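Residues or ranges marked as compositional bias 'Polar residues' by TrEMBL: 31-52. Among the features that TrEMBL reports, domain 'C2H2-type' is placed at 61-88, 89-119, 120-147, 148-175, 176-203. Under the heading region 'Disordered', TrEMBL lists 29-53.
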Amino acid sequence: MRGLIEHCAICGYLSNSATELELHLNENHGKSTNATNKTANGSRRTSVINQEESSKLSRPYLCEKCGKTYTQSSHLFQHLRFHNGVRPFACPNKPCERSFTIRQDLDDHIRKCHTGERPFKCEVCDKRFLTGSVYYQHRLIHRGERRYACPHCDKCFYRADALKNHQRIHTGEKPFACDVCKRKFRQRGDREKHVRVKHMKIR
């Protein structure tokens, strides 16, 4: 961890470069100064953030409900399905009744719960992964980069999602509820395993 002096207050990302941290803020949090963001209904509103970052703004489409930003309007409207509870992509495997907001989540679900396919292979250790995003984060392990620091303790993580899961230990948050019995879980994977074992009888 020596030399990592810049810290993202939003997610805990660490860097030894202020410029790199600015790029991180732009790419991951859509931060900008005096940048005009487009909202879901076509209206526009102004954000007041750092002036230097405004020139790098590349995510102009803003969700008014949660503040997330996107590079394309189609991505924003796809995201709005989460808020509106729209799940048009249903799993074709019976008796599974899961449905998803985007096709990629359906594809990931089918590989994880039904086919076991892991198409993404690490060239260093030959480990295989269900999704490209998990594979990308895995590569940081080989580079030895633990850039996501917990603000509550001294632990650091390779992935932002790993940090987020860890922080729930401190907060006690359990955001993933079983639709059948309402039991709550700290991680999405724990809930999915619970559903398979307790309600679908798949072990």
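Cβ coordinates come from backbone N, Cα and C, glycine included.
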Tertiary contacts of the domain 'C2H2-type' (176-203), as residues 6+ beyond its ends and Cβ separation under 8 Å: 95-96, 112-113, 165, 168-169
Mean of pLDDT values spanning the domain 'C2H2-type' (176-203): 85
DSSP-derived helix, strand and coil totals, residue by residue, for the domain 'C2H2-type' (176-203): 12 helix, 4 strand, 12 coil
